[in-house]
Amino acid sequence: MSKIFVNPSAIRAGLADLEMAEETVDLINRNIEDNQAHLQGEPIEVDNLPEDMGRLHLDDGKSPNPGEMAKVGEGKYREDFQMDEGEDPSLLFQSYLDNVGVQIVRQIRSGERFLKIWSQTVEEIISYVAVNFPNPPGKSSEDKSTQTTGRELKKETTPTPSQRESQSSKARMAAQTASGPPALEWSATNEEDDLSVEAEIAHQIAESFSKKYKFPSRSSGILLYNFEQLKMNLDDIVKEAKNVPGVTRLARDGSKLPLRCVLGWVALANSKKFQLLVESNKLSKIMQDDLNRYTSC
């Protein structure tokens, strides 16, 4: 009786073909499930639809008048953007601010800069207040009636130095309120392209570029880290350091900078290795303590 010998490579090739066939079948099944995913959900009951869905209607096939369409569009815009007369404006405004806070947290977690987020948020809040809290009608008439008298007074009297100082202080307070919360010390000077400030920051960082700073590590020990380990260009480090609250003001005054706080800030934003090794909660406290100590001097 003759024996039939099978080449092992042929067996391996056959097994590979079987595995590929199984993977192909699985892929086809997944595609079918994905394409039919909308059919697997629970049916929607008409009674459970949102209130806005009740405004939907079917056209009867007749083309509406363009003027009527414009009126409907304007009314819909006012209805969506303005609050109802029967609702409490303060409660709606509080709900709006809560939503704004949630949106800010999401944007910060996604990596966006706080200054950019805050400037956009301020504009949105101002537009919301301007639409939903308009000036009382009596105020505009008073302004018109006092316009002529105001012009005559300007010709006769000029503001004293004390009045100018009070006006400038009020303007500074208004600018500070619009730019952001004062506790965070996010000032508009962080965005200025001041070459002398950048030169001062670069000078102090370059002097301590190789110096090791102590940071809390996740292993309950000490993590030694310096600016060299960032492997970044000095210009990029300076640009990132200007975002640290209070650093621009200290550099403009020629004061000493909290370099450990600056290093921690830049490393957290640009070094994944540093993020894995450092204890973030303790680091935040250390950075805040350094910042408070240097800015209070």
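Each Cβ is built from the backbone N, Cα and C atoms, and glycine gets one as well.
Restricting the average to the motif 'Nuclear export signal' (49-58) gives a pLDDT of 54. The motif 'Nuclear export signal' annotation in Swiss-Prot covers 49-58.
Annotated phosphoserine per Swiss-Prot: S63 (among others), in sequence order.
Here Swiss-Prot flags 132-187 as region 'Disordered'.
Sequence annotations record features per position, and here Swiss-Prot assigns region 'DYNLL1 and DYNLL2 binding' to 138-172.
Annotated compositional bias 'Basic and acidic residues' per Swiss-Prot: 140-157, in sequence order.
What Swiss-Prot lists as compositional bias 'Polar residues' is 158-170.
Residues or ranges marked as phosphoserine by Swiss-Prot on the basis of similarity to another entry: S162 (among others).
The annotation phosphoserine is assigned in Swiss-Prot to S210 (among others). In sequence order, N226, F227, E228 make up the list of same-chain residues 6 or more apart from S210 (phosphoserine) whose Cβ falls under 8 Å from its Cβ.
The feature motif 'Nuclear localization signal' is assigned by Swiss-Prot to 211-214.
The phosphoserine feature in Swiss-Prot is assigned to S271 (among others); the stated evidence is similarity to another entry. Within the same chain, residues at least 6 positions away in sequence whose Cβ sits under 8 Å from that of S271 (phosphoserine) are Q229, L230.
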